[in-house]
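Take a look at the structure below.
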Amino acid sequence: MNTRFLLLLCCLSFTTFSQPFDAIKQPNRSEEEVTQLAEDFKDWSKASNGWRYSFITANEKEAVEDFSISGYQTANDYLRATDTSTWGVAGADARQYIRTVKSALNKLPKYKGTAYRGTWVKLSLLNKLEEGDVLVEPAFTSTSTLPEVAKRFSVVHPNSPQRLKRVLFEVKINQGGHTIAGLSEYSKEAEVLFAPNAHFRITQIERTSNHTYIGVETVKASAVKNTQKYNLYSGEEVEASFWHSLVCT
């Protein structure tokens, strides 16, 4: 079997037989190994393009490429905004861009397996989270199949007046994840992207003084009933009427 393919299998099944959070707690592998694994994931992504990919447009490809560079900032700012009425023309442009990226995702390979995300979360939200709660991200959610990449995104504390804490997510992806590694300008990130409004059910939480480790699994919105649900960005409890107002149309 090809050595590079073996490395890719190792990457994709890093935590198959390990305890929760083992992979993300391990010392980082060498930069050379991480780069090679990312390259292998990029190759796998390209090889996994199905019939839907034949319908992807040049505009959609460009939108995904731009998303990984800077487009994510405008798109996610708009999706997370509580009031978009002041955006004017920029709001219309943002909505069109979001629709284009979402359309592209539906034509890119699906990924099922484990991925990771490093970020900062409001301490007020973390303090009330319990196993079984559902986190809803109104914006696009970026993850990586490489824990080393995920950890890089939680190194620098954001400039925010809110009290934040570093969080490392281990994500069991059952549905909703699409690899953009074959198109992304930052293909070394082995990125798996979720469209807005992704739902993640908490399966495990481990709190330490420096980090909070959270294990989640993807769930369909329709499957979430009688469960505490929080907006991952704002920390607010999500009500049904409020949630529908977040959907980008």
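Yeah, the Cβs are placed from backbone N, Cα and C, and that goes for glycine too.
Sequence annotations record features per position, and here Swiss-Prot assigns signal peptide to 1-18. Under the heading domain 'TR mART core', Swiss-Prot lists 31-223. The annotation NAD(+) binding site is assigned in Swiss-Prot to 68-80, 117-120, Glu137, Glu191 on the grounds of sequence analysis. Residues or ranges marked as active site in Swiss-Prot: Arg117, Ser142, Glu191.
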Suppose we draw a 10 Å sphere around the Cβ of Ser142 (active site). How many other Cβ atoms does it contain, all chains included?
24
Roughly how many angstrom lie between the C-alpha atoms of Thr74 (NAD(+) binding site) and Ser142 (active site)?
15
At the level of the C-alpha atoms, what whole-angstrom distance separates Asp77 (NAD(+) binding site) and Arg117 (active site)?
19
Please report the number of other Cβ atoms within 10 Å of the Cβ of Glu191 (NAD(+) binding site).
28
Pick the one among the recorded positions Arg80, Arg117 whose Cβ has the fewest other Cβ atoms within 10 Å in this structure.
Arg80
Assigned element (helix, strand, coil) containing Arg80 (NAD(+) binding site), judged by DSSP:
helix
Same-chain residues at least 6 apart in sequence whose Cβ lies under 8 Å from Ser68 (NAD(+) binding site):
Ile180, Ser184, Glu185, Tyr186, Glu189, Glu191
Provide, as an integer number of angstrom, the distance between the C-alpha atoms of Gly71 (NAD(+) binding site) and Ser142 (active site).
13
